[in-house]
Each structure stands twice: as structure tokens, then as C-alpha cells.
Amino acid sequence: MYIRTFGCQMNEYDSDKMADVLRADQGLELTDNPEDADVILFNTCSVREKAQEKVFSDLGRVQHLKKQNPNLVIGVGGCVASQEGEAIVKRAPYVDVVFGPQTLHRLPDLIKRRRAQGVSQVDISFPEIEKFDALPPPRVDGATAFVSIMEGCSKYCSFCVVPYTRGEEVSRPFDDVLLEVADLADQGVKEVTLLGQNVNAYRGAMGDSGEIADFAMLLEYVHEIPGIERIRYTTSHPKEMTQRMVDAYARLPKLVSFLHLPVQAGSDRVLAAMKRGYTALEFKSVVRRLRAARPSLTLSSDFIVGFPGETEEDFQKTMKLIEDVGFDTSFSFVYSRRPGTPAADLHDDTPQDVKLRRLQQLQALINQQAAAIAQGMIGTRQRVLVEGPSRRDPNELMGRTENNRIVNFPGVPRLIGHMVDVVVTHAHTNSLRGRVAGIERDTSGAE
């Protein structure tokens, strides 16, 4: 099987699960070459503009393979599939299966029905937690893994399609998450990333007791699982950053000193139009409390530039927020209209060249801040999880620091999958360079 993934880490996780269900049910293994595949899947993302056209363009590139091999199964999953549904088959009749993020576990049955009936199968329903109940146990090869703890979003920001493509927020049961993390730890995973559209909105049922665990409680329990040495999570929402969450940074050393906290804008007027549910001052208050609990915390964020009605004054307020807070990295884009969202109907009279100029200025400021953080790391001793050979030089190793910086350094292959101390010697634009200072034991549970 060949799977091409677009978009966020949730989609990466979903693609892994597609591979798991097809491997377990049909014995298929992954290939990097679509020409060698019996099943070709596109796991799509609808966040950016023209996502649908991108899907049909990619489908067109594999259509000839269907002509060569009529038994080939071509499928479209993800958020574009949820949005378009039957329209995908109408426009591209050679597509065999269309499925949403919540129905990927039904993929084997959809393929079987397609082969038995000779008719394209479409299932973009929202069966809530059924997806997780039907997935096979995770299989990983490496020291890091993703674990999805919830699906969907109930915030309904005016610009966002996620509530319409992934449904309302649904949390996995508390024990199910812990069992999956423990299973991954038994397979050698040392760093786990907990995933959700609004991951800190997690509210998981605790067995049959009727009690509900919040995200802070989940973090506390994951923290105690033997073998897990690092905990990350994404994506969080500022409204859900409770005091219990803030306190977790003071109590849980395995929780990394890095947080992705999307703010989107620094103007209260724009934030209100986006329906984000907080002000710039409230966002800065959250950051201040987080850094009081964990002074070493670095932040990344999301920014939308050129939202309908954004004035130059609004934009300058965003720039001021960036200057006040300081960010390590950002995902920043010019606003793109998403059909079916409330913002799609807002009047937008800002010229495109103005939007692009603002985006360039914003990215330049954050790049400047990121460079300063990188320079400040030179000479410091960083705890690094070694992930594998360096992409630049296969004779060297690559790992990540707590603040998610890639570090390349000389080392022997036996270090892969282990924590090592690395002294940073150089800072480059997108990575660091260092040398090994010492090897930590696997049994270390402290940061």
C-alpha cells in the first residue's frame, strides 16, 4: 500500500492507523512507490486554500496506474473527503473508496465491498469513539510515537473547517489512552506526543465510575508510565489552558519545555471576529503564568494575516504581541477563505500585496526571535533524544532538544533511541550542531 499524507500531525497519526488496519486485515505493507502498490490512499487536509484541486491533481497522476491494473484500489480519506464526499467519485469515477477521519477503521470493509459489488464506496459519517475501539494495537519502530486522545473540535472559530470535517470534540476513555501509551513504552518508545485538535480540552471517561479526567490528570498518569521519558502534546487552545494545566509544568518534569499555543492574531477586534474566545491580554496572561511555572518554556504559535477587515492598526497589534511574548517558531499564513465557514461571508477589501507584505514582516520578526533563541543555546548542555542518522550526513546522528530543535552531531549508531547530553556548538537557520557530552541511562525519568 502507498499512503500520501497532507496536513497536520493528526493526519500523520491517521495515516499510521490506516496502515495498521490494512496490515492487520489484509497483510499489506507500506511502499514508497505507488507503482508497486495494490492500494493507493490520499489522506487529505482542507485547511489551506485550493485543497480540493490539489487532491484531484494528485488523483490524476495515478489514474494511469488504474488503467494498467484494474484491481488497484484508489482511496481518498481525511478532511477533503469529509467535505466533498460523493462529489469526489462523481468527478473522478476511478476512485474506489472515500472515507472520513472518523471512519478510517472501516477501510478494510469498504475495500471488500468495493471489490465484491463493483461500486465505489463512500463513508464520511461521524461514529464518535468507534474508530478507536476498532483499531489494532499500535506498531512502532523508533523512540517516538503519536497517540490521538480526542477527535474533533467544538470551538467553531469563524475561519476553520475542522468542526465540519472532523465533528464535535470526542475524548477517548482515560484507560484506553493509558493502555496505548504503556504498549508503546513496552515497544521502546521514550517520547510520546498526545494529539487532538484541542488537546487540552480532553475530558475522558474514567471506567464505569462516571468520573471525568481532564487533560492535566491525563498528563499526570502518563508521566508515571515506566519507560516514557518525554511528553509532548499538540494542538492546544488558549481558552483551555487552565490553572491545573499551568501547574503541571511545575510538577511534571517529563513534560517538555516547549508548547505550541496558537494565538492567530494580536488584535482584540480581529480575535473577536475569529470567535477565538480570548483577548490579547488574556493570551499574554496565560503565557506569563506558564513561564512562571516553567521559566525555560519556549513557544510556537499560529498566525493568520489578512483576516477579513484586518487594518494596519490591527496588524501592528499582532506585531506588538509577538514582540512582547517572543516565539521560537510559527506557522503563519495569509488568510484563505474556506467555503461553509462564517468568515467566508465577511467582506474582505485588503489587497493581496498588502497581506503578503504583512506576512513577510511577521515571519521576519519571528525568524529574528528564533535566531536569538538558537544563538542563546550555543554552549549549553541539552538533553537530546537520538532519532536516527542525520539527513545531512548519514555518518552522523540527529536528535531533538526539549524545545524541538534538531541537533546534528557525531555519534555511534548504538545511541539511536537513547537520551544523550549534547553540548551545542553552532546554530544554523533550521538546526543546531553539537557534540556528545554524556549518555543518560534509560531508567532516568527526570528532565
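Quick reminder: no glycine exception, Cβ is built from N, Cα and C everywhere.
Positions annotated as [4Fe-4S] cluster 1 binding site by Swiss-Prot, on the basis of sequence analysis: CYS8, CYS45, CYS79. Residues or ranges marked as [4Fe-4S] cluster 2 binding site by Swiss-Prot on the basis of sequence analysis: CYS153, CYS157, CYS160. Residues or ranges marked as domain 'MTTase N-terminal' in Swiss-Prot: 1-116. The feature domain 'Radical SAM core' is assigned by Swiss-Prot to 139-372, with sequence analysis given as support. If you look up Swiss-Prot, you'll see 375-438 marked as domain 'TRAM'.
Each residue contributes its Cα atom, and for CYS79 ([4Fe-4S] cluster 1 binding site) and CYS160 ([4Fe-4S] cluster 2 binding site) those atoms are 12 Å apart. Distance from the CA of CYS8 ([4Fe-4S] cluster 1 binding site) to the CA of CYS153 ([4Fe-4S] cluster 2 binding site) is 14 Å. The average pLDDT for the domain 'MTTase N-terminal' (1-116) in the predicted structure is 89. Recorded residues CYS157 ([4Fe-4S] cluster 2 binding site) and CYS45 ([4Fe-4S] cluster 1 binding site) have their alpha carbons 17 Å apart, per Cα-Cα distance. The two recorded residues, CYS160 ([4Fe-4S] cluster 2 binding site) and CYS45 ([4Fe-4S] cluster 1 binding site), have Cα atoms 12 Å apart. Each of LYS155, TYR156, PHE159, VAL161, VAL162, PRO163, GLN197 belongs to the same chain as CYS153, CYS157, CYS160, is absent from that list, and has a C-beta within 8 angstroms of the C-beta centroid marking the [4Fe-4S] cluster 2 site. DSSP assigns CYS8 ([4Fe-4S] cluster 1 binding site) to coil in the three-state reduction, outside any helix or strand. Annotation note: CYS79 ([4Fe-4S] cluster 1 binding site) sits in a helical segment as assigned by DSSP.
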